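K.L.:
Can you keep this structure in mind? I'll have questions shortly.
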Amino acid sequence: PRQWLFSTNHKDIGTLYFIFGAWAGMVGTSLSILIRAELGHPGALIGDDQIYNVIVTAHAFIMIFFMVMPIMIGGFGNWLVPLMLGAPDMAFPRMNNMSFWLLPPALSLLLVSSMVENGAGTGWTVYPPLSAGIAHGGASVDLAIFSLHLAGISSILGAVNFITTVINMRSTGISLDRMPLFVWSVVITALLLLLSLPVLAGAITMLLTDRNLNTSFFDPAGGGDPILYQHLFWFFGHPEVYILILPGFGMISHIISQESGKKETFGSLGMIYAMLAIGLLGFIVWAHHMFTVGMDVDTRAYFTSATMIIAVPTGIKIFSWLATLHGTQLSYSPAILWALGFVFLFTVGGLTGVVLANSSVDIILHDTYYVVAHFHYVLSMGAVFAIMAGFIHWYPLFTGLTLNNKWLKSQFITMFIGVNLTFFPQHFLGLAGMPRRYSDYPDAYTTWNIVSTIGSTISLLGILFFFFIIWESLVSQRQVIYPIQLNSSIEWYQNTPPAEHSYSELPLLTN
């Protein structure tokens, strides 16, 4: 108990993040099953659109702030960054502990916000005037805002910690251009967090004072403008989606490189520049979420072009992964299956993103299920596939145990079918004009919604199967004697699992 509560050890804190993320992931998945159950058939199942939108909002917040970010940045980041840098721990170990312990209260506040009054049925964007005092009276939205504040503080502290660690604690010989790609992905992610989260904090604080202290930042009656909120929110919100995927890029680079039996990823310097370019461009495209609010045609033209340019560094990454795989004799291990699934399905999600980047097309597709399909392809089949690949790949290092490979392959096939069956039909629904954030729909949309709901049930079985596989591994205790991998990066030189204090003597990278 004391060891976990007051931990200053990056491995223990990383493990806490994994457990927290897995728990939040189960809550978020349960909410998504409620959504698909409601939409599995025309007519009402759970209730009215308010409760439906409370579920949708909580699903988004939990999956983003309490599942993907804690697992990718808190779990994999904490575990792997010090090991890959040859550093004994993070730069600020106690702040690291605080970053974690801010999250359970944040999640609690979010869950409480759903339980008081009518809940926050605003969508994760929390746009006023729907989120303002009149349309959403009561404490729900205020509690959700405080939840976001805590999660944001946690992420900012974590970001400062990672940036400082990478600048100051690289081992001798690990220059920036020789630093592993996963470490690069985490430090770029940290920079994005550091620059974008304060803007979100400002926006939701202004919303808080509009609701409670009679200001009118977003109220036209007092000279405010609700569009200002949208600009502030999306200036955070767009970098945020790259924050969610960049650590995944880093993990996929390591996994593909290692499973290909190559010594390094193809074009690793180009991969670094591509991630930097994605991070920079991510800050200057935010208004592509706002093509329907009545911006000037020249503004729309700029945001269309800038958004499409992001496809270039992303394409560099995709083709470099393919080049890394080129000419290899692949053994289809579970980790490489997830990585290959990532590359393929992330590309599909990226292509629908390029479609939506066209402002004139987006005016038709905005707020339809086409957008839902797009971002779930890059999240549910990008971020989640990367998490699955990374977890399976580094599980023997983290625990010193092995998973059942045959079951993992079956589980991959189950999940692959499930997520595609869930989200591919949503492209058709969107093109046919089915709008987002409604609990009911005209009969014409029934067929594809039934298919989608069946897919979500298959995905749920896949998730449960995965938890069973982990349980089986933990109770069977099949110890790893030595890693079967070539040491493609230095974390594999550790024991399995690593000693509590690794690198008590610092390593040296020679030429």
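Placement of Cβ uses the backbone N, Cα and C atoms for every residue, glycine included.
Computed from a predicted structure; not experimentally measured.
According to Swiss-Prot, the protein has these features:
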type	residues	note
TRANSMEM	15-35	transmembrane segment
BINDING	Glu38, Gly43	Ca(2+) binding site
TRANSMEM	54-74	transmembrane segment
BINDING	His59, His376	Fe(II)-heme a binding site
TRANSMEM	100-120	transmembrane segment
TRANSMEM	143-163	transmembrane segment
TRANSMEM	181-201	transmembrane segment
TRANSMEM	232-252	transmembrane segment
BINDING	His238, His288, His289	Cu cation binding site
TRANSMEM	266-286	transmembrane segment
TRANSMEM	303-323	transmembrane segment
TRANSMEM	336-356	transmembrane segment
BINDING	His366, Asp367	Mg(2+) binding site
BINDING	His374	heme a3 binding site
TRANSMEM	378-398	transmembrane segment
TRANSMEM	412-432	transmembrane segment
TRANSMEM	450-470	transmembrane segment
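In the displayed structure, how are the listed features positioned relative to their neighbours?
P.N.:
Taking all protein chains in view, 22 other C-beta atoms sit within 10 angstroms of the C-beta of Glu38 (Ca(2+) binding site).
Of all the Cβ atoms in the protein chains shown, 20 others lie within 10 Å of the Cβ of His376 (Fe(II)-heme a binding site). DSSP gives His376 (Fe(II)-heme a binding site) a helix state.
Counting residues 6+ beyond its ends, the transmembrane segment (143-163) has Cβ neighbours under 8 Å at 57, 61, 65-66, 69, 73-74, 77, 81, 90-92, 95-96, 98-100, 102-103, 105-107, 109-110, 112-113, 116, 120, 122, 126, 186-187, 189-191, 193-194, 197-198, 200-201, 204-205, 207-208 in the same chain.
Sequence-distant neighbours of His289 (Cu cation binding site) (same chain, 6+ apart, CB under 8 A from its CB) are Gln230, Trp234, Gly237, His238.
Same-chain residues lying 6+ beyond the ends of the transmembrane segment (336-356) with a Cβ under 8 Å from its Cβ atoms: 245, 248, 252, 255-256, 259, 288, 307-308, 311, 314, 318, 321-322, 330, 362, 365, 370-371, 373-378, 381-382, 385-386, 388-389, 392, 409, 412, 416, 419-420, 427.
In three-state terms derived from DSSP, Asp367 (Mg(2+) binding site) belongs to neither a helical nor a strand segment and is classed as coil. All protein chains included, Asp367 (Mg(2+) binding site) registers 15 other Cβ atoms within 10 Å of its own Cβ.
The Cβ of His374 (heme a3 binding site) has 24 other Cβ atoms within 10 Å, all protein chains considered.
The list of residues near the transmembrane segment (378-398) in space but at least 6 beyond its ends in sequence, with Cβ under 8 angstroms from a Cβ of it, reads 11, 15, 63, 68, 71-72, 76, 79-80, 241, 244-245, 247-249, 251-252, 254-255, 258, 334-336, 338-339, 341-342, 345-346, 348-350, 353, 408, 412, 415, 419-420, 422-423, 466, 473, 480, 483, 491-492, 494, 496-498.
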K.L.:
Give residue numbers and ranges for long-range contacts of the transmembrane segment (54-74): same chain, 6 or more residues beyond its ends, CB-CB under 8 A.
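P.N.:
Result: 13-14, 17-18, 20-22, 24-25, 27-28, 31-32, 34-35, 38, 46, 99-100, 103, 106-107, 110-111, 114, 118-124, 144, 147-148, 151, 155, 158, 162, 186, 189-190, 240, 243-244, 247-248, 251, 379, 383-384, 386-387, 437.
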K.L.:
Round to the nearest Å and give the CA-to-CA distance linking His376 (Fe(II)-heme a binding site) with Gly43 (Ca(2+) binding site).
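P.N.:
One finds 24 Å between the Cα atoms of these residues.
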K.L.:
Closest to His288 (Cu cation binding site): which of the binding-site residues His59, His366, Asp367, His374, going by Cα position?
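P.N.:
In terms of Cα distance, His288 (Cu cation binding site) lies closest to His366.
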K.L.:
Quick one: which residues besides His238, His288, His289 have a Cβ within 8 Å of the Cu cation site's Cβ centroid, in sequence order?
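P.N.:
The answer, listed by sequence position, is Trp234, Gly237, Val285, Trp286, Ala287, Met290, Phe303, Thr307.
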K.L.:
Give me the Cα-Cα distance between Asp367 (Mg(2+) binding site) and His374 (heme a3 binding site), rounded to a whole Å.
P.N.:
12
K.L.:
So what's near the transmembrane segment (266-286) in sequence-distant terms, Cβ-Cβ under 8 Å and 6+ beyond its ends?
P.N.:
177, 181, 184-185, 188-189, 191-192, 195-196, 231, 234-235, 237-239, 241-242, 246, 249-250, 253, 303, 306-307, 309-310, 312-314, 316-317, 320-321, 323-324, 326
K.L.:
Quick check on the binding-site residues: of His59, His238, whose CB has the lowest count of neighbouring CB atoms inside 10 Å?
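P.N.:
The binding-site residues His59, His238 were compared, and His59 has the fewest Cβ atoms within 10 Å.
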